[in-house]
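K.L.:
According to Swiss-Prot, the record shows the following:
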SIGNAL    1-16  signal peptide
CARBOHYD  Asn143  N-linked glycosylation site
BINDING   His150, His192, His570  Cu cation 2 binding site
DISULFID  Cys169-Cys607  disulfide bond
BINDING   His194, His513, His568  Cu cation 3 binding site
CARBOHYD  Asn286  N-linked glycosylation site
CARBOHYD  Asn456  N-linked glycosylation site
BINDING   His508, Cys569, His574  Cu cation 4 binding site
Amino acid sequence: MKRLGLAALYIGSALAWPEPHGPPSRNVPRDDFPMFNPLPSTDLNTRLIRCEYPSMKGWTYSNKKNGDWLKYVGSKPGEITEYNIDTDNDKYVPQGITRKYHLEVTDESVNMDGTMFDQAKVFNKQYPGPWIQITVTNKLKHNGTAIHWHGIRMMENMFNDGVPGVTQCPIPPGSSMTYRFKASQYGSSWYHSHYSLQYADGLFGPMTIHGPTSAGYDKAVDPLLMTDHLHSSAFEEYHKELEGKPPAMDSIILNGKGDYDQTGDLKKKYRTVLKPGKKYLLRLINTSVATTFVFSIDGHKFQVVGSDFVPIEPYVTDHIAVGIGQRYHVILEGLSEEEAKKNGRYWVRTTPAKGCSKFAPGRGTDDRTGVIYYNKDDGVSPTTEIGAFSLDCRDEPLEKLVPKVKWTVPDPGLNMVGAFEKPADVQLGKWHRPGYPDTDNLVSNWEFGPSPMWINYSEPIIKNLDKDSFPSTWVVYPADDYVNDKWVYLVITGKKLKPLSSQVAVAHPIHLHGHDFVLLQQSMEPWDSTEVNLKLDNPPRREVTLLPAGGFIVIAFKPDNPGSWLLHCHIAWHASAGLALQVLERKEDLKALTLNNPDFDFMQENCRKWDAWHSDKTNYWNPSGHFQDDSGV
């Protein structure tokens, strides 16, 4: 994973690999460059990663006192000679190495429960597989933070889902939190802050979990992150959403590069070189604030082999609409040598979908955000044209998204008629924000029916499981009376919205935490419970889908993961304005998971730290104002 220059927060990662399967030691003289092990774990069976800085000749590891890290001992000192706890890492960061971790999938004999199992499939010859841990250190001044690992199921592990006010209190400035989870899925996704509008300011990055694909390829290309960008902080622009006039984005970015002035300067474009006749895996990730993109490469077609974290039967297309939070794995087949000689340069396009974007006047019109060259990057601009295809804001056709692993969903039958009569309606309204004087002007809000979401950072629901009821602004939907062989069915409608109005996108990207859901029906027509036509035999499966404004979706999931799972619109302005709810799944089982659980204990300690920080108003950006001005998520 390459650093794309998108993060506004220092994220340090430490991966714990049980012996004997840790990264191998490198046979390099210790005085050549800094190379050392961090302080060992208290668990003697765990070995931490080795820290390596091969480009930092003349530096050495320094541990004379607490807080030391690196010290320059060479003969040509530069601007800085030490990296320690007092170093401003907004300005100075030691240059380490790019790390890649590989998992081997093998057949093994494993004794899990006292009986030998001869047909086990395991990672790195061990069961369970290697344990991944990520430590996040908050060095912001006026904000807490929490990091969400988008699409990771967090099976029986709600504590690490990273949603402040739901799964944890925010990490206060000066504190750290280690997220622990098992990667049981594979594909590509992203991690991002779920604290208010932080990710809109750049707090996100890509992640890939390697695994099989449903079609072959020769090489993989780095993750392609397509996003929209504001030149001012989203926190400063948010008032426009409250006033009914959503902020306009300034430019389109692909992998950290954009051309705001739309000059066509190739230095401002993403560029890569391909070989004719080779097949390349592209990992497409939409990390936008408010834009659905249509991805294409002039003159090329590709096979789609995965949607979100779900491998699918391959199909061929020349373009693909990618909603916010959605991901696709596609395989691009390079042109033949003869074709490549005729024209060795092609535009990569991330085109804003019709009705699902808003840019400042004259901005966001140049969708040529990248170039692929054949054999050599000669620095010359392509002259290719965009293909003749639809730029509508809609999901890929459901009949094309066929999961490789087939699921058959039970027919909800007559028992669900009552539930189908009470769908969750996406509504646009006005309200007085909690904690604000009633004399304040009404502001715009979004909601899934009963109330806009407005969480309490100091009282996440995980701390309040003994309560029988919750504040209406927490928007809690209980899912208690289910067992593993039953399903939860949800109908979400946008029937009260008017598409293409000043504040309504043509489609809302709806994301569910903690689960893959099946998409049983999706329509641009108004919801009518008497005309239900569900696809129950191997329906599309993912965790983000587009809800058409004026239409509806019917989704379902297995209630096999106790937790309180956020369901929200991934248009950042809409989530901040309240368009979210939480599904409280199997509350009693969730309570049992909190017993003797170090993650639950850490959550409580982190909340105490948060409360101490939050109680001092001098820590606020505006000490005399309101600390919270949006939903919190």
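The count begins at 1 with the first shown residue.
Quick reminder: no glycine exception, Cβ is built from N, Cα and C everywhere.
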K.L.:
Which of the three DSSP-derived classes (helix, strand, coil) applies to Cys607 (disulfide bond)?
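P.N.:
DSSP assigns Cys607 (disulfide bond) to helix.
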K.L.:
With DSSP assignments reduced to helix, strand and coil, which class does Asn143 (N-linked glycosylation site) get?
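P.N.:
In the DSSP reduction, Asn143 (N-linked glycosylation site) maps to coil.
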K.L.:
Among the glycosylation sites listed here, Asn143, Asn286, Asn456, which has the most company in the form of other Cβ atoms within 10 Å of its Cβ?
P.N.:
Asn286
K.L.:
Non-local Cβ contacts of His192 (Cu cation 2 binding site) (under 8 Å, 6 or more apart, same chain)?
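P.N.:
Spatial neighbours, sequence-distant, of His192 (Cu cation 2 binding site): Ile147, His148, His150, Gln198, Tyr199, Leu203, Phe204, Gly205, Thr287.
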K.L.:
Look at the recorded positions Cys169, Cys569, Cys607 and tell me which residue has the greatest number of other C-beta atoms within 10 angstroms of its C-beta.
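P.N.:
The residue with the densest Cβ neighbourhood is Cys169.
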K.L.:
Among the binding-site residues His194, His570, point out the residue whose Cβ has the most other Cβ atoms within 10 Å, with all shown protein chains included in the count.
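P.N.:
Sorting the candidates by Cβ neighbours within 10 Å, the top entry is His194.
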K.L.:
Taking the centroid of the Cβ atoms of His150, His192, His570 as the Cu cation 2 site, which other residues of that chain lie with their Cβ within 8 Å of it, listed in sequence order?
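P.N.:
Here the non-site neighbours turn out to be His148, Trp190, His194, Tyr199, Phe204, Thr287, Ile324, Gly325, His511.
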K.L.:
Given the recorded positions Asn143, Cys169, Asn286, Asn456, His570, Cys607, which lie within 10 A of His508 (Cu cation 4 binding site) by CA-CA distance?
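P.N.:
The recorded positions close to His508 (Cu cation 4 binding site) (Cα within 10 Å), listed in sequence order, are His570.
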K.L.:
With an 8 Å cut-off on Cβ distance to the His194, His513, His568 Cβ center, who else from the chain surrounds the Cu cation 3 site?
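P.N.:
Near the Cu cation 3 site, the remaining chain residues are His148, Asp161, Val163, Val166, His511, Leu566, Leu567, Ala575, Ala580, Val633.
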K.L.:
Same chain, not part of His508, Cys569, His574: whose C-beta falls within 8 angstroms of the C-beta centre of the Cu cation 4 site? Give them in sequence order.
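P.N.:
Counting only non-site residues, the set is Val426, Trp446, Ala505, Pro509, Ile510, Leu547, His568, His570, Ile571, Ala575, Leu579.
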K.L.:
Compared by Cα position, which of the recorded positions Asn143, Cys169, Asn456, Cys569, Cys607 is the closest one to Asn286 (N-linked glycosylation site)?
P.N.:
Cys569
